[in-house]
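Engineer: Handing you a structure now.
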Amino acid sequence: MKNKISWTGECHYQFTGDAEIAGSSTKRRSGGWITFPFMIGTLLGLTIAAWGWLLNLIVYLIEEFNVKSIAAAQIANIVSGCICMVPAIAAIASDSFFGTIPVISVSAFISLMGVALMTLTASLDSLRPKPCETASSLCQYPSKIQLGVLYTAITLASIGTGGTRFTLATAGANQYEKTKDQGSFFNWFFFTTYLAGAISATAIVYTEDNISWTLGFGLSLAANLFSFLVFIAGKRFYKHDKPLGSPFRSLLCVIIAAVRKRKAVVSTNEKDYHNESITTIPTRSFRFFNRAALKQEEEVKPDGTIRNPWRLCSVQQVEDFKAVMRIIPLALATIFLSTPIAMQLSLTVLQGLVMDRRLGSNFKIPAGSLQVITLLSTCLFIIVNDRFLYPFYQKLTGKFLTPLQRVGTGHVFNILSMAVTALVEAKRLKVVQNGHFLGSSSVADMSVLWLFPPLVIVGIGEAFHFPGNVALCYQEFPESMRSTATSITSVVIGICFYTSTALIDLIQRTTAWLPDDINHGRVDNVYWVLVIGGVLNLGYFLVCSWLYRYRNLKDDDNDKDAVGSHSTTLSS
């Protein structure tokens, strides 16, 4: 009894009349902050495992499977895009059929099998072609069996990674009742994600490059196994969400029912609409779809149920549909926010390759590791925002910083980062034009440390807009679509991955700014184009935000007790 009370922090008593003070049994309440270590521990291990094999996949394909560089890059692009799209499938499965906890359990196990199989490809010579001898023309291509095992490993690892990535965000937020606690969990979610990414990009990638691929993938396998066991160990504490049926069917019903009744006159009398619980009328926005809940003859049975859901929907279904419609314009703004970030990541690597990356006499910063600066910056400022900036803003204004305000702040920092990067590149090109190189190489005599400030700034922006976007979708989407809501961020990242590639291709085709040797190009002009696009996108976002009306912004966030709540939960 005492152990249960001290572990959960609370106890439920049963009373029998006035004589019995406490019952003989207690019931542990599921959910709450007791689940936090299990959720975050699972996220940490899974992210380290995923990034451990994904970040160096191109190099692994080239060095160990003799795949051509362009083909390896294309494979990596497809894998990265798919990993970003799988969360949407996992979200539908969670919301409609199984719930988040079973989906995470199965996905983590699938990921474990994939990483284990990939580790085997690195450790068994029979699963890899013989290494190249002296030239690529003498390289032995992998056999069908070797490619089959490799692609099976990548497929399983990708499905498992995508199935857990944002489903964990939903499962973790579902453990809390208050919006402010959910917001704090999202901040911790992104902090852990970026921290794990930094660990993978440094320790595991270094191990793969300098020690052995077997050990590097083995570390990813150990991290995946650790996360799987941690998640299973915490299952008795979790609050299990129940699937509420396919949300997309409900949305489609609203569209079809409204179209069928398109000639009906919209009423202002609440008795003319079908309500399942509280009697109310639909809101005035998107009034056309109010017809879906408009009752007509013989559409409702005597017991109050609907005869045909494709002809009559409830007011709640209509309002859920409208909530999704209102988010779409904001999601479009997020796509144009994240596309420059994706471009900056690839272009920064090209810039780093032609800049002085020496630190001291014995160490050179890998160009591919420059992304760590953004990851660490995001980690740091998520903590700064959550513990200091947000509480200070609440004390100063008496209000909390809304998700849209956080996203808007991220827009500003993103534009500033692109502008600073453009100035740095202009300075680098001037050094090149003056003929200042390191010896006889094409590397400009300019330290790569000049790239650190814009990378830090873009990390600050991500600390604002990524958690803000997830919190906005989670709070505003219908309850039956919460997993789908948090997966939207991942889908947007996947879309941006492809749009940034398309934009780079368009610039290469129409201008001379991006040649193979960027010393003869104008990458600074590319960044200025991103700045202009960012300013226009910010204006569009501000208009959408001004027109948007929150649906589920709860009053508990406006209470005086909420001041400083973010720092309180972070120290829990």
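Cβ atoms here come from the backbone N, Cα and C positions, even for glycine.
Curation does not apply to TrEMBL; its annotations are automatic.
Below are the features I grabbed from TrEMBL:
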- 38-62: transmembrane segment (TRANSMEM)
- 74-93: transmembrane segment (TRANSMEM)
- 99-120: transmembrane segment (TRANSMEM)
- 185-205: transmembrane segment (TRANSMEM)
- 211-233: transmembrane segment (TRANSMEM)
- 327-350: transmembrane segment (TRANSMEM)
- 370-390: transmembrane segment (TRANSMEM)
- 411-429: transmembrane segment (TRANSMEM)
- 449-474: transmembrane segment (TRANSMEM)
- 486-507: transmembrane segment (TRANSMEM)
- 527-548: transmembrane segment (TRANSMEM)
Engineer: Spell out yes or no: are there three or more C-beta pairs under 8 angstroms between the transmembrane segment (211-233) and the transmembrane segment (411-429), with each pair 6 or more apart in sequence?
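Structural biologist: Touching, no - the transmembrane segment (211-233) and the transmembrane segment (411-429) miss the threshold of 3 or more Cβ pairs under 8 Å.
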Engineer: Sort out for me which stretch, of 38-62, 99-120, 185-205, 327-350, 370-390, has the most Cβ pairs below 8 angstroms to the transmembrane segment (527-548).
Structural biologist: 327-350
Engineer: Suppose I define contact as three or more CB-CB distances under 8 A, residues 6 or more apart in sequence; do the transmembrane segment (327-350) and the transmembrane segment (185-205) meet it?
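Structural biologist: Checked: the transmembrane segment (327-350) vs the transmembrane segment (185-205), no contact.
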Engineer: What stretch in 99-120, 185-205, 370-390 has the biggest tally of Cβ pairs under 8 Å against the transmembrane segment (38-62)?
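Structural biologist: By Cβ pairs under 8 Å, 185-205 leads among 99-120, 185-205, 370-390.
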